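Here is what Swiss-Prot says about this protein:
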ACT_SITE  GLU23  active site, proton donor
BINDING   LYS85, VAL105, SER139, GLN140, ASP141  substrate binding site
BINDING   ASP137  Mn(2+) binding site
ACT_SITE  LYS158  active site, nucleophile
Amino acid sequence: MDLRFSEEVRRALEAGQPLVALETSVVAQGLPYPDNLAAARACEEAIRRAGAVPAATAIIDGQLCVGLEEPEMRRLAEGKERLLKVASRDFAVAMATRATGGTTVSATCEMAAAAGIRVFSTGGIGGVHRGASEHFDISQDIAALARFPVAVVCAGAKSVLDLPKTMELLETAGVPVIGVGTDELPSFYSRGSGIPLEHRADDVDTAARIARARFESLKQGGVLYTVPPPEETSLPRNEVELHIAATLADADRQGIRGKAVTPFLLSEMAKRTGGKTLKANLALLTNNARFAGQLAVAYARAS
């Protein structure tokens, strides 16, 4: 894979420093400006404070970029041009048309693996959408998690999804799901989902050993680490479900499908909750980035 590295990321790779990949769909499509830019900066700062180097991924004028300069991140955040939401399947088109866009979980997993970066932080992964038995809307993220040796840190799957079916598909794909200090799957805005987890890691060193065993010893694909969102900004699950049901009904009436569902959901949920979901999203992004930075350092130390 032909990647363009920022100078900071290139130096970190050459020096063997721990790195954490970041997706940018949340910047280009997921959050409003200027909250999206503030979130990107906060995540990068959390990673640096943990002792690792942030490596945001994006497609800039057809180039697959690992590590962004400030003007490039601002370009994605301001959205003054048409920005693609780039998943793995979209690489060829984005490159050939010299497009610019934010990367999803699947795209970031592939780019991180190609760059030799073993840890990636995001808000929540994609998965099986509600009503998938009718429209078969299933994210590429799960296939990427199964394929690429990257430790993905998240607050569970996005709330809009069918969480039980997403967990079943992760199991079918052979992706281990690890609860970080929890026995229950977090559900993005909420600390719980009612879905028990089989595996748990109570400290970063244990989490790092699991990743190293999977990547180095077994030569297998990714690991999913689920971190409960901060308690002070999390929302009750039943409250979130009521808003999701109403928002999805609105999306259906408006004919919103596929990639457009999640940005619509995030925007409408923020309106319905008076900004509570936006606050929760910003907090969990930074919280995940902090743990990912610690995990990257522990992974490097274990080597």
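The chain as shown is numbered from 1 upward.
Just so it is clear, glycine is given a Cβ too, placed from its N, Cα and C backbone atoms.
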Q. Around GLU23 (active site, proton donor), which residues of its chain at least 6 apart sit with Cβ under 8 Å of its Cβ?
A. ALA56, THR57, GLY102, THR103, THR104, VAL105, ALA107, THR108, PHE120, THR122
(Q) Between the Cα atoms of ASP141 (substrate binding site) and the residue listed as 'active site, nucleophile', what distance do you get, rounded to the nearest Å? (A) 12
Q) Excluding LYS85, VAL105, SER139, GLN140, ASP141 themselves, which residues in that chain have a Cβ inside 8 Å of the centre of the Cβ atoms defining the substrate site? A) ALA87, SER88, THR104, SER106, ALA107, ILE125, GLY126, ALA144
Q | Alpha-carbon spacing, GLN140 (substrate binding site) to the residue listed as 'active site, nucleophile', which is rounded to whole Å | A | 14
Q: Let me know the most crowded of the binding-site residues, choosing from ASP137, ASP141 and counting other Cβ atoms within 10 Å.
A: ASP141
**Q.** Extent of the substrate binding site in Å [max Cα distance among LYS85, VAL105, SER139, GLN140, ASP141]
**A.** 13
**Q.** Inter-residue C-alpha distance, LYS85 (substrate binding site) and the residue listed as 'Mn(2+) binding site' (nearest angstrom)
**A.** 16
Q) In sequence order, which residues at least six apart in the same chain have a CB under 8 Å from the CB of SER139 (substrate binding site)? A) VAL105, SER106, ILE125, GLY126, GLY127, VAL128, HIS129
(Q) Please report the distance from the Cα of the residue listed as 'active site, nucleophile' to the Cα of the residue listed as 'Mn(2+) binding site', rounded to the nearest angstrom. (A) 14
